[in-house]
């Protein structure tokens, strides 16, 4: 039967079942959807038709109710969904609630509370250090191996995949210039990242230990942290990135639950420095994820960043984020920072791929250093699933348009 | 009649009328309140009793509906409220809707969307430069006079005045130490600031010019940006403050509408550097505000920071915040950064008041460099009002407690 005959190799088969929010063409009504192959299941309507108790979590205009329901509910709902799409007896009932992906609009699936961006790839941090501080004895700052460096970004400009990105304007000043000039950014970049979505809040003054990561984090998405390198370079001392980042951050429409990624868990790289107890994951379950990212520029793959090479895990990031007593809210989003592997073809930003513009990328449509108007960037990824399957992480896509 | 017989010198007389959200003792129901003297008027109930069309904006559990209603509505509602509390014919009707301040609980009056903190006092920035970079030729970074430096903070940990602040823990490392240590912050500080509350959103890609400031910003509050200096010093290179700030930010319970501060508008300090057009306020209406802040530590005044000395105005901050195309949401909060004047008794942080701990403050209960457990900090302020009155800005109060 059409929605169910997903091929065995499909990365969105019944072993995946990511969550999103959609509306049908011509309607403004948003509701939670589950992806199966090239279809979306209207999960709330399906729950109602099957008399499921989860209708209260799924017949909703966002994932927020499900996110806040907690780990046991997440597992129970996933088990129910798996049964719906795999037990033949449900098929006839469910067919009317499947819609082809091509006939729906996908929306930002949850309300972003606070957005934090980390800097967790050692390869990325070292590349940035070598580019901007070529004479430094160490390409890493002294704190880098002791804590996952992070900062708060702008939650209100997180947009869903497919949203055009208006080229930002701002101040920039080359080292030799007497004064800054104003205009559209001329060094517009991408950062290929993975974002983690917090479901369960925490109380002020109550840090979330490494062992409680899975009690709070529901799932992950792909994320493109668009970056205007020229604006960032002039503004960021001493309080960090601001307008160079805040114009837009794109996320994939599908949130993959951590429960779908059990087979992708891996140990993080060997730790080269002793860690303070709240970050020491030597005795914890593996905190890394083997996610294989791919970056395409105007349809041509330019990089394949391996997430398993990230030095700091998402669990360590969450433990650090809360160790000062900061509380979590449902919808908090924290991102990994640019994913870059050791190889030249594994770098997650144009800054690194072109070595700050020195080595342009040769593409069929012409070479590139940074992004030009009309360029479209697409991040995709997959992870190993059960029995040799692949778990697809969807995509985050965005096109650069000039300011009107 | 009791609620109306406010003395002429009362900074919360009918010329002020700030907005808050309260619940009555023993009730959990929150609703919009207007302060008059030592009373709160239940504005929604009053509107209903008087048949006012503004009941839909005021009979609400937060200020969010009023904030998003826009500048014309803000003026209209304020005109109505002024009539209610000044026209004797309304008095008998309204008496039941007044409650003594001592019998209500005040709440965070709006949902904080994004929180941005600026660094707009030249005196503060120069003091910080002199303390941390004593050998630098210029105590300001090269960008300081060209743009209002800012960064995003944590919206989810903005708390209302009166909320206890749990001393944060974190990593710190003195320059001579071999490795960082973990523990409660030993350099816990305050930052006396003013916060501006955005009412009307803006669209992505559409900057808010200086001239449109009043179309978007509803009012202001007092704000204490608690800062753990030891945590901040170790973490902040290269991406800015994070855990040194994110544990708590306290705001006053009362939001003073800009319409109440017309008599406090002043020109900002003379500009020493040419400004790019989007920040050039030479031809604009005065963008400064003559707010007289006061900082008390355990009841003893330790500083009186003058807000009129701030180099960058709130209008410039908003123009900068949006010039890259970043959009605004109802409830966005942006703060001035520490308010410090030129005088030694006008500094808005203990870092500056004690010159990084070198010169302890003598207080009746014992000297202080940074905050100890049990210390209570209270920021208050007033501004010149019409006809020689004072407009009170309420207070933001917080007590330091050890982690349980």
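Keep in mind that glycine also has a Cβ here, set from the backbone N, Cα and C atoms.
Annotated Ca(2+)-binding residues in TrEMBL are B:191, B:193, B:225, and among B:117, B:135, B:290 the one listed with them is B:117. By a Cβ separation below 8 angstroms, chain A lies close to these of the recorded positions B:119, B:124, B:225, B:236, B:338: B:119, B:236. Using DSSP to sort the residues of the domain 'Fumarylacetoacetase N-terminal' (B:15-109) gives these counts of helix, strand and coil: 46 helix, 23 strand, 26 coil. Sequence-distant neighbours of residue B:117 (Ca(2+) binding site) (same chain, six or more apart, CB under 8 Å from its CB) are B:150, B:151, B:152, B:153, B:193, B:225, B:245, B:334, B:335, B:337, listed in sequence order.
Each residue contributes its Cα atom, and for residue B:119 (substrate binding site) and residue B:191 (Ca(2+) binding site) these two points are 11 Å apart. Secondary structure from DSSP puts residue B:249 (Mg(2+) binding site) in a beta strand. In the three-state DSSP scheme, residue B:236 (substrate binding site) is classed as coil. Within 8 Å of the centroid defined by the CB atoms of B:117, B:191, B:193, B:225, the record's Ca(2+) site, lie the Cβ atoms of B:192, B:223, B:224, B:227, B:245, B:249, B:335, B:336, B:337, B:338, excluding the listed residues themselves. Cα distances from residue B:124 (active site, proton acceptor) to the binding-site residues B:232, B:249, B:338 are smallest for B:338. Rounded to a whole number, the C-alpha distance linking residue B:232 (substrate binding site) with residue B:249 (Mg(2+) binding site) is 15 angstrom.
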